[in-house]
C-alpha cells in the first residue's frame, strides 16, 4: 500500500459517471476505493462507520429485526451519519461514496482477529438486510447483476407450472396467495440455497431451488457473508504492511475497540458533586461496575491500582474536583489503618497525575465501556472490570438479586450476557432500575449511565455536560491552545493524504 503526501484532488465526476460508480444504495463492496483522501477524512469515516455498526448491533438485540420500530430507528441513524440507504434519492453520490470507503477502512481494523471478523460480518450483514428490505422490486434484478449474482427470474409460464409447490415450500407461505402470484421467482443452483434447504423452506427440482422474491434475501446474505469472510482473511494476510505506516498503525489498533462518544472530562461538572452524596448516588445512579467498586472500597478501605484508576476517573468525570478526590481517597484509606504520610507519599501523586497536575500533565478521561470490557481484566482480589463481562453467571445473578431486580429481569439480562451483549445487558439493567421501557439511548460509557440516571431522577439537565466531543485515542493534554490545534489540523488536512488506489493490493486475492 502506498501513502502519498501529494496534493492530488478528488476526481470530479459528472452525473452519469457518478451513477455508474454507485448505481445502488447498497453494494457488495467488490472493488476497493481508488481515490485520495486526507487522514482526517479517513479517521472521520471510520468513526462514523463504527457508530453505525454499533447502532445496528444494539437495535438488533433490543428490537425484533424488520419491525417498524427497528426500521425507523436504523433509518434515522443512517440519515444522521450521512450514509446511503434508499434508491431514487437526489444527491446520493456523496453518501454512497462515504459508505464505500468507510467499509473498506473498517476491513483493515476488523480483520485482526476471529472475534473481530465475526462481529464485523454480522453487523454488515444486518445493515445489508435492512437496505435490501427497502430496495424497490424493480431494482432487485439490476442489483443482483451488479453484485455478480447471476440469478434470473423464471418466466410466468414456468412459475405457473410450479406455483403450488413453490408456495407450499416457501417461508413466505403465510403471505396471501395473490401476493405470491405477483412476485418474481428465481431459479438458483441448489448449492447456493443450502440455508433454505436445511430449514425445508424451498422447493427443489433437478438440482435447482425455486426461490420467491421474499426469500431471496437469505441467498443474498449468504453470498455476502462468504465473500466478506474471504476478503477479511485476505486482508489480514497483508495487514503487517499496512501497520508499518506510522500514521495509520495507531488508528487501526484503537479503532476496533474505540469509544467514539463523549469523553466526560470534568469541564462543566467540576464541584457539582459533594462527598456526602457519593454513598446515596452509588445505589441510585452508578452503573454496576462502579457500584461494585464503591462497595468494595467502603468495605475494605482499599482498592488495587486497576480499581483506583477505573473508579477514580469515573468520580472525576461526574464532578469530583482534585481536592475532593484527594480528601475522599485519603479518608477511606486511613480507615483501613494506612498511615497518612504513607498515603501522601505513595498515592496522592497518582491522583494528581490523573488530573493532569503531575508528570506529563496529561488530563486523563474516564474509561468507556469498551475499554473496561476489553482491557486489563480483573484478577483475584480485584474489583474493577465489567460485572456483565467478568463475573461468573451465578455470582452475577446473586448480585442482581441484591439489587432488587425481578426474576424475569435477571433472566433477560443473563440471556444478553450469554450472547456477549454486555453493554446491552447493562442498558437493560438501567431500564429496570429506572422503570422505563426504552431508555432512548445506546449505552457506551459508565458516566453516560450516571448522567442519564440523574436526568431521569432529577428532571434536570444541569448536571449533564452539554458539549459532546469524540474521545481521542490518546489522553488529551490538560492545556490546549485553540489556535495551535486549528493550525495543526489544517496542516494535517492539507499535507497528508491517503492514496486509496494502493488499497487494492490489500483487498484483492492476488496480494
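Easy rule for this one: first residue shown is 1, then count along the chain.
Cβ coordinates are placed from backbone N, Cα and C, and glycine is handled just like the others.
Please treat TrEMBL annotations as automatic predictions, because they have not gone through curation.
Pulled from TrEMBL:
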type    : residues           : note
DOMAIN  : 280-450            : domain 'DNA primase large subunit C-terminal'
BINDING : 289, 369, 386, 426 : [4Fe-4S] cluster binding site
REGION  : 464-493            : region 'Disordered'
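Annotated [4Fe-4S] cluster site 289, 369, 386, 426; additional same-chain residues within 8 Å of its Cβ mean position, judged by their own Cβ, are 287, 288, 372, 373, 387, 388, 389, 422, 423, 446. Non-local contacts of residue 289 ([4Fe-4S] cluster binding site) by the CB criterion (under 8 A, 6+ apart in sequence, same chain) comprise 310, 372, 384, 385, 386, 387, 446. Its Cβ placed at the centre, residue 369 ([4Fe-4S] cluster binding site) has 24 other Cβ atoms within 10 Å. Other C-beta atoms found within 10 angstroms of the C-beta of residue 386 ([4Fe-4S] cluster binding site) number 26, with every protein chain shown included.
For residue 426 ([4Fe-4S] cluster binding site), the count of additional Cβ atoms within 10 Å of its Cβ stands at 24 [all protein chains shown].
Mean predicted confidence for the domain 'DNA primase large subunit C-terminal' (280-450): the pLDDT average there is 93.
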